[in-house]
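Here's what Swiss-Prot has on this protein:
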REGION    1-227  region 'Pyrophosphorylase'
BINDING   8-11, Lys22, Gln72, 77-78, Gly137, Glu152, Asn167, Asn225, Arg330, Lys348, Tyr363, Asn374  UDP-N-acetyl-alpha-D-glucosamine binding site
BINDING   Asp100, Asn225  Mg(2+) binding site
REGION    228-248  region 'Linker'
REGION    249-455  region 'N-acetyltransferase'
ACT_SITE  His360  active site, proton acceptor
BINDING   Asn383, Tyr384, Ser402, Cys420, Arg437  acetyl-CoA binding site
Amino acid sequence: MKLKAIILAAGAGTRMKSKLPKVLHKVCGRTMLNHVIDVAKGSMVQECIVVVGHGAEDVKESLTPDVKTVLQKEQLGTGHALMMAEPYIDDGTILVLCGDGPLITEETLNRTVAYHREGNFKATVLTTDLANPKGLGRIVRNAEGQLEKIVEEKDATEEEKAIIEVNSGIYCFDGEILKEALPKLKNENAQKEYYLTDILSIIRNMGFGVGVYKLEEYEEIMAVNSREQLADVEAIMRRRIAKKHMANGVTIMNPEHVYIEKTVTIGADTILYPGVILTGNTVIGEDCIIGQNSRIEDTIIGDGVEVQSSTIIHSKVGNFTHIGPYAYLRPNSNIGEHVKIGDFVEVKNSNIGDHSKASHLAYIGDADVGQNVNIGCGVVFVNYDGKNKHRTTVEDNSFVGSNSNLIAPVTVKESGYVACGSTITKDVPEGSLAVARARQENKEGWTKRKGLLKK
């Protein structure tokens, strides 16, 4: 039987106090809405439909082409939102999800759908018990323990407010019965809204079975309505991600102080120190050490690499290379194996071959550096003429002395040497020493003549 997910994402989220639609706020690098869609696709769902409203165009742009959308022009309640998706409701199973609930898991969705189908229910609600249920809809059961109704707190009596079983906002419906029930929905409540929760009572009054599937933990159904709740949800997501990596053989020295996005891959026996930030489609190999306060974004790191307190963005680092401390690899830096990029070295849009090193205080921009090359302290690859960027090539086994400038476009041929303090404007031939600096002149007695002698 076909399973569709209708995801409610039309709300303004006024308590977020943000220009950004609520469902587009990110949790561990991915929007809340896309977290929900990912989970739906990872379960048994074959098709996702998102109900958009506030910030509709921005929300649509965040979605992949296979996700369909319907517009709720007026926000008249969750039931009204479901009405807008009526053209997509058929005789299969309809799973209704909340776009601001990113912690729901595939396992829970699969179990809920299985419970719904095996019990031959026409509607099922996912619930849990909560010690402090303030603000949430209460599950009212009859004497036999069956669902009688779901009542929103603003419409609840004092007796109903004392109930601790709460509504998750996640439902399963038989599509054919849901289509029959939707036209019967009324807005006779304190908010003058069409409550989705009333549909369950309607289906029950139609003579069909309504199921209640209770979760043991509240965590999965937490919704985000404020910045504080966003932080709470992200903390849980971070903990989940860290646990997954630790279960796969990664050592995380202080999981509460490491930020890893869901899309990151980390190899076994890698160690992460506090303050590490790993984002995007970063892949880190095995046996690496990622030192404190390192930030790595959309980068591929080989095996046995050590990164100390450095930033690496959109780059690639080969096996057994050492980066940092305080190095900065900007986009399109391709670093080979057994390379050393030391403290306060910046690399941008450059290729650096195996066994080469730039140990400290250098700028390597728009360069092609070969194997076994030494870049001395204070070397600058001068790549910009005020209008255009130009490339510099330093071939294998070359040596660039400290405090030298390589004015692009220029090439240092294989085994070429550049003397310290030189400004190179012409190609250096293979096996040659280039010296491009003024000759030293010593003026004897100058200090005494100027009255500067301290003795």
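Each Cβ is built from the backbone N, Cα and C atoms, and glycine gets one as well.
Because the structure is a prediction, the values reported are computed rather than measured.
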| request: For the region 'Pyrophosphorylase' (1-227), provide the mean pLDDT of the predicted model. | output: 94
| query | Helix, strand or coil at Lys22 (UDP-N-acetyl-alpha-D-glucosamine binding site), per DSSP? | reply | helix
| Rounded distance in angstrom between the Cα atoms of the residue listed as 'active site, proton acceptor' and Asn225 (Mg(2+) binding site) | 48
| remark: Expressed in Å to no decimal places, the gap between the Cα atoms of Arg437 (acetyl-CoA binding site) and Leu8 (UDP-N-acetyl-alpha-D-glucosamine binding site) is 70
| message | Going by Cα-Cα distance, which of the binding-site residues (Asn383, Ser402, Cys420) sits nearest to Gly137 (UDP-N-acetyl-alpha-D-glucosamine binding site)? | response | Asn383
| the region 'Linker' (228-248) - residue tally per DSSP class, helix then strand then coil | 20 helix, 0 strand, 1 coil
| said: Give me the count of other Cβ atoms within 10 A of the Cβ belonging to Tyr384 (acetyl-CoA binding site). | reply: 11
| remark: Rounded Cα distance, in Å, between Tyr363 (UDP-N-acetyl-alpha-D-glucosamine binding site) and Asn383 (acetyl-CoA binding site) is 10
| task | May I ask which of the binding-site residues Ala10, Lys22, Gly77, Asn167, Asn225 is closest to Tyr384 (acetyl-CoA binding site) if we compare their C-alpha atoms? | result | Lys22
| query | Given the recorded positions Lys22, Arg330, His360, Arg437, which one has the fewest other C-beta atoms within 10 angstroms of its C-beta? | reply | Arg437
| Of the binding-site residues listed as Ala10, Asn383, Cys420, the one whose CA lies nearest the CA of Asn225 (Mg(2+) binding site) | Ala10
| query | Around Asn225 (Mg(2+) binding site), how many other C-beta atoms are within 10 angstroms of its C-beta? | reply | 15
| Spatial neighbours, same chain, of Ala10 (UDP-N-acetyl-alpha-D-glucosamine binding site) - Cβ under 8 Å, 6+ residues apart | Val51, Val52, Gly53, His54, Ala56, Gln72, Gln75, Ala81
| If H, G and I count as helix, E and B as strand, and all else as coil, what does DSSP give for Gly77 (UDP-N-acetyl-alpha-D-glucosamine binding site)? | coil
| In whole Å, how far is Ser402 (acetyl-CoA binding site) from Arg330 (UDP-N-acetyl-alpha-D-glucosamine binding site) when you measure between their Cα atoms? | 22
| task | Select the closest residue to Asn383 (acetyl-CoA binding site) from the following binding-site residues, measuring between CA atoms: Lys22, Asp100, Asn167. | result | Lys22
